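Undergrad: According to TrEMBL, the domain 'G-protein coupled receptors family 3 profile' annotation covers 515-751. Among the features that TrEMBL reports, transmembrane segment is placed at 517-541, 553-573, 585-609, 651-669, 681-701, 707-729.
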Amino acid sequence: IASSGTCKLQGHFTLNGMYKDGNFLIGGLFEVQYLKAFPELSFRTDFYMTSFQQAQTMVFAINEIHNNPNLLPNITLGYQIYDNCLRLGVVFCGATALVSGTEETVSDLNCKGPPPVIGIIGDPGSTHSIAISSVLGLNNDYSIYAAQSFHQEMQLFGHCVAFSEIVPNVNNPIDIQCIMGVIQASTARVLVVFSPSSLLIPLMEEVLLQNMTGRQWIASESWATSPMFRTPRFQPFLGGTLAIAIRRGEIQGLQDFLLRLRPNTDQINNMLRIFWENMFGCSFEAESKEKDGEQVKKVCTGQEDLSVTNTPYTDVSGLRALYNVYKAVYALAHALHDLIQCEKGRGPFSGNSCANMSNLTLLVHYLQKVNFTTGFGDHVSFDKNGDALAIYDVLNWQPSSDGAIRFNKIVVVSEGAETGMVLMLDEDSIYWNFDIKKPPRSVCSEGQLPPGTRRASQKGLPLCCFDCLPCGHGEISNTTNAIACTACKDEFWSNPDKDQCLPKEVEFLSYENPLGISLTTASLLGLCFCALVLVVFAYHRNTPIVCANNSELSFLLLFSLKLCFLCVLLFIGQPKLWTCQLRHAVFGISFVLCISSIQVKTMVVIAVFKSSRPEVWLSTASPSPHKNNQYTRSKIVYECAIGSVAGFSMLLGYIGLLAAVSFLLAFLARNLPDNFNEAKFITFSILIFCAVWIAFVPTYVSSPGKYAVAVEIFAILASSFVLLFAIFAPKCYIILLHPEINTKKAIMGRETQKK
């Protein structure tokens with residue numbers, strides 16, 4: 001603020017433009033010409049007729065509104081249109097000038113006041129629009145998320161983007177070569193390009209230079225109908241392109257308006273002057289001058305006839321961007337009309353108030369509520385986010401008779417508030433620029449993944465690049481192109497094809513198994529031997545050799561050995577609760593009886609038997625059937641859990657203690673003076689017994705599943721056979737084969753006689 005109390009602008013911009021006064025102004029920013037340098041506006045190159053046509057369409061729409069008595073009656077609309085010169089810096093200057101004005105001072109002491117324009121039409125480029133929206137504080141631009149939305153949509157439908165490159169703002173050959181290298185190296189055959197046509201020219205020239213065919217191009221709106229790519233030399237490369245174009249409309253009277261344009265030679269603006277000079281190759285300066293290296297001698301009169309020209313400016317056959325400009329002007333006009341028609345006390349703002357005419361920032365509220373239909377029949381409205389409903393044409397670039405490219409509409413995409421997105425596709429009319437005349441196959445990894453396999457992404461490559469790997473053991477995939485395999489439940493396992501979960505095979509030591517048959521046979525054989533010995537001893541129970549060794553203990557030992565052989569049968573077959581509880585109980589009792597019978601007399605045996613009762617172990621941690629998945633994941637090992645490891649260990653330790661005591665006593669009595677010293681045989685049998693059970697422990701622990709049961713059975717059978725044969729075989733030998741020495745004198749006296 002200066003000392004005089006007025007606001008001062010920090011800078012002054014010299015911009016090409018057009019201006020007309022009115023009660024309210026609508027701003028416009030269009031890409032009319034390209035500057036080689038900034039801010040020297042005199043250094044410029046091409047003049048874009050289509051952009052100037054858009055600016056004139058904005059003027060036409062404003063004039064049409066003036067002639068409509070039902071829209072903004074008694075209100076005049078003016079316009080302030082600037083050329084952005086395709087430069088971001090100029091875009092900011094133009095946007096700032098439209099918002100703040102270009103006057104040197106502002107009368108309001110608070111530096112506040114109505115903005116010179118109620119809205120801005122443009123900028124055509126999304127990059128410029130984003131920049132302008134950030135300056136003006138508007139967050140309704142949808143194109144900022146275009147690339148992100150494209151990636152998300154591709155992933156949603158199971159596709160992926162192979163690469164993403166940025167087209168340089170300036171023609172940098174190194175950057176262009178890098179982009180071409182990426183395209184050539186990729187297996188992708190579909191290329192989606194979001195770029196202004198002016199920035200895309202260097203890349204397309206390189207496409208021609210490298211003769212890169214076999215690609216399906218998809219064009220964004222900004223170059224969907226660009227005339228510079230319609231020439232015959234681009235047809236072999238860009239033919240078949242699918243282009244998303246702004247909906248083509250019709251504007252009655254626009255062509256006549258465009259052809260009636262005449263410059264006022266007294267007060268001509270820069271934009272119109274440059275347009276006229278480029279259109280007719282003349283100059284408004286009386287003296288000839290050098291223009292772009294050529295001598296220009298023709299003087300513009302302002303009366304030249306536009307109807308005899310054939311340029312994009314006079315071509316209204318494809319009104320796409322122009323149609324959007326036309327609808328945008330009408331949208332602002334309808335919003336302003338609704339704002340002006342607001343009645344006091346019935347407004348949409350706090351306290352039912354209306355917008356202050358000196359502050360039109362609330363016009364955005366009415367703009368979001370706009371709802372009207374154009375003369376072409378298109379409905380114009382905005383959603384809750386302030387975005388316009390999508391209406392697009394999808395064009396197919398097809399070869400024309402002269403070898404160039406013509407645009408053929410194949411799809412109409414329209415979005416309605418009630419109907420949603422509607423897509424009408426004419427597939428038969430699509431031209432595919434490939435030998436097979438069909439859509440290209442754009443994949444990184446070929447083929448479908450059959451059931452039983454999964455997709456494995458390749459490191460550093462897009463998701464569509466994958467290896468086909470079979471599912472692991474215990475996993476399946478029952479669909480094609482599965483991303484991951486599913487693990488089977490605990491009691492199920494995958495089949496060989498890995499596409500089904502089948503119940504696991506239940507494994508246990510059965511009677512039908514060869515190993516089970518062998519062990520059962522050995523058990524029954526041992527039982528028969530015990531019975532045979534029992535018959536022999538019973539028949540010869542009064543002979544000295546039977547009586548000399550305490551026949552009661554011998555019969556008790558034979559009975560306990562029978563139990564040892566019989567308990568083996570409890571270890572074979574599918575585990576049940578009663579077999580699990582009995583097997584170790586019977587095993588413990590049997591061997592305690594065996595060792596005790598050898599060691600002590602009858603009363604001590606009974607005492608030992610009572611002390612070895614298994615109630616404590618069975619009541620506190622009873623053995624029970626258990627399905628074990630740990631040994632082999634593909635099978636269920638049905639076994640008996642011992643319940644208490646400590647109880648089982650105490651049982652084995654107790655039997656071992658008895659065996660050790662028996663071994664010690666027998667060893668001390670081995671040299672007693674008798675002809676048949678049983679202590680020697682007991683010593684031998686207990687020695688083998690201990691060796692078997694010492695070897696049993698590590699073997700049992702390391703054996704999986706049913707083999708652990710087989711190891712325990714083998715230990716029981718081995719130790720039982722050792723005790724049976726070592727103790728009873730010598731006696732049976734004498735009883736049956738040498739009865740002459742089965743006398744008391746022979747047993748007790750022979751050793752003495754020798755001495």
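The backbone N, Cα and C atoms fix where each Cβ goes, glycine too.
Automatic, uncurated: that is what TrEMBL annotation is.
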Undergrad: Residues sitting near the transmembrane segment (553-573): Cβ under 8 Å, six or more positions beyond its termini, same chain?
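TA: That would be 508-511, 516, 519-520, 522-524, 526-527, 530-531, 533-534, 537-538, 546, 579, 582-583, 586-587, 589-591, 593-594, 597-598, 601-602, 605, 709, 712-713, 716-717, 719-720, 723-724, 727-728.
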Undergrad: State the non-local partners of the transmembrane segment (517-541) in its own chain: residues 6+ outside its ends, Cβ under 8 Å from one of its Cβ atoms.
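TA: Distant Cβ neighbours of the transmembrane segment (517-541) are 509, 511, 547, 551, 554-555, 558, 561-562, 564-566, 568-569, 572, 710, 713-714, 717, 720-721, 724, 728, 731-732, 735-736, 742.
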Undergrad: Mind looking up the mean pLDDT for the domain 'G-protein coupled receptors family 3 profile' (515-751) in the predicted model?
TA: 74
